[in-house]
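Chemist: Here it is, the structure in full.
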Amino acid sequence: MLFKQQVWLRQKLLVLGSLAVGSLLYLVARVGSLDRLQPICPIEGRFGARGQAEFPLRALQFKRGLLHEFRKGNSSKEQVYLHDLVQQLPKAIIIGVRKGGTRALLEMLNLHPAVVKASQEIHFFDNDENYAKGIEWYRKKMPFSYPQQITIEKSPAYFITEEVPERIYKMNSSIKLLIIVREPTTRAISDYTQVLEGKERKNKTYYKFEKLAIDPNTCEVNTKYKAVRTSIYTKHLERWLKYFPIEQFHIVDGDRLITEPLPELQLVEKFLNLPPRISQYNLYFNATRGFYCLRFNIIFNKCLAGSKGRIHPEVDPSVITKLRKFFHPFNQKFYQITGRTLNWP
Ligand code: A3P
């Protein structure tokens, strides 16, 4: 009798336990999606052009999984059709600068419900072979999205490649262009560090930064060194300004994006005419990584790959001083043209 009662009690506890766990899981999922369930903006907050049930756009973003499945061939074309999914040309492009924080910026903007990122660098406008494949090829490289969302891609080589401004202009003369910059000397060292790591991976030796950045014959800054040239932002920007007015550019402070990402992202939201949706909740500092990481909801979060945030080699302080002095007049011009003063040394 006692044994029967114990079994009954155990079964009851099991049922109650399952119910409690189930409710907890439901709550976790629900709270995690609360933010997503808020409509983002009056018209963008809905979809269902074919008169289907109206869903807040954020909730629909859960269907990104479905898009992924579709790309893997596991989801039917009907599903894509049913949900009004399209592959759209980008409305904004992060055109550079290499090592400025382009990946972090793209990933962080992708937290916004109205933004869909192209995960890969597409290199359509800077690569002649790709460009020859035509605009439809480019569009097909874009992720599926809802018509109300905007697609953003990033290919940092665009900023420094001669032909790109004209090509982008031909695609869309009113496109919005994002440039993320870091203090030029730090950026050059970051650029060098990336190349150095590549060489080391192949067991190859490489020059020291000092040797590349300073011309041994003149003892002046070596302007033939690509990492130096890329950091002369104003020179590149001037080429772009032959095609686009300055109002179509937004400068992101890459150094601030590292230490204080939210205000930088809010400025971008404004520039893109998006309602402010990225919040401090979406960004948390990860002490192990030494960087901010992304939080989508209480379940999903991610940090950038280890290739972002490398330890830079030590550089002779006199070389740093020389480089900073060299960049100084170019920086002043950059501030003047863009209207954004970044107080670089
Ligand atoms: P370092 O590796 O020199 O630190 P890009 O994506 O354009 O290649 O830029 C890489 C840089 O992004 C990194 O340069 C890193 O400093 C910066 N960055 C900015 N925010 C970051 C973040 N949240 N996580 C990792 N790296 C970030």
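Cβ coordinates come from backbone N, Cα and C, glycine included.
This is the feature table in TrEMBL:
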ACT_SITE  K99  active site, for sulfotransferase activity
BINDING   K99, G100, G101, T102, R103, R182, S190, Y292, K308, G309, R310, I311, H312  3'-phosphoadenylyl sulfate binding site
DISULFID  C293-C303  disulfide bond
DOMAIN    90-334  domain 'Sulfotransferase'
Chemist: For the domain 'Sulfotransferase' (90-334), would you mind checking the mean pLDDT of the predicted model?
Modeler: 97
Chemist: Between R103 (3'-phosphoadenylyl sulfate binding site) and C303 (disulfide bond), how many Å separate their Cα atoms?
Modeler: 11
Chemist: With DSSP assignments reduced to helix, strand and coil, which class does K308 (3'-phosphoadenylyl sulfate binding site) get?
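Modeler: Note: K308 (3'-phosphoadenylyl sulfate binding site) is coil by DSSP, not helix or strand.
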Chemist: Can you grab the distance from R310 (3'-phosphoadenylyl sulfate binding site) over to the residue listed as 'active site, for sulfotransferase activity'? Cα atoms, rounded to a whole Å.
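Modeler: Between the alpha carbons of R310 (3'-phosphoadenylyl sulfate binding site) and the residue listed as 'active site, for sulfotransferase activity' there are 11 Å.
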Chemist: DSSP on C293 (disulfide bond), three-state: which is it?
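Modeler: Going by the DSSP assignment, C293 (disulfide bond) falls within a strand, counted as strand.
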Chemist: Which whole-number value in Å describes the distance between the Cα atoms of C303 (disulfide bond) and the residue listed as 'active site, for sulfotransferase activity'?
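Modeler: Here the two Cα atoms are 17 Å apart.
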Chemist: Rounded to the nearest angstrom, how far is the Cα of S190 (3'-phosphoadenylyl sulfate binding site) from the Cα of C293 (disulfide bond)?
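Modeler: Given the Cα positions, C293 (disulfide bond) is 20 Å from S190 (3'-phosphoadenylyl sulfate binding site).
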Chemist: Under 8 Å between C-beta atoms and at least six apart in sequence, can you list the same-chain neighbours of K308 (3'-phosphoadenylyl sulfate binding site), or say none if there are none?
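Modeler: Result: R103, A104, F291.
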Chemist: Taking the Cβ of S190 (3'-phosphoadenylyl sulfate binding site) as the centre, how many other Cβ atoms fall within a 10 Å radius?
Modeler: 21
Chemist: How big is the gap, in Å, between the Cα of H312 (3'-phosphoadenylyl sulfate binding site) and that of the residue listed as 'active site, for sulfotransferase activity', rounded to a whole number?
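Modeler: Between the Cα atoms of H312 (3'-phosphoadenylyl sulfate binding site) and the residue listed as 'active site, for sulfotransferase activity', the distance comes to 12 Å.
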Chemist: Using DSSP and three states only, what is C303 (disulfide bond)?
Modeler: coil
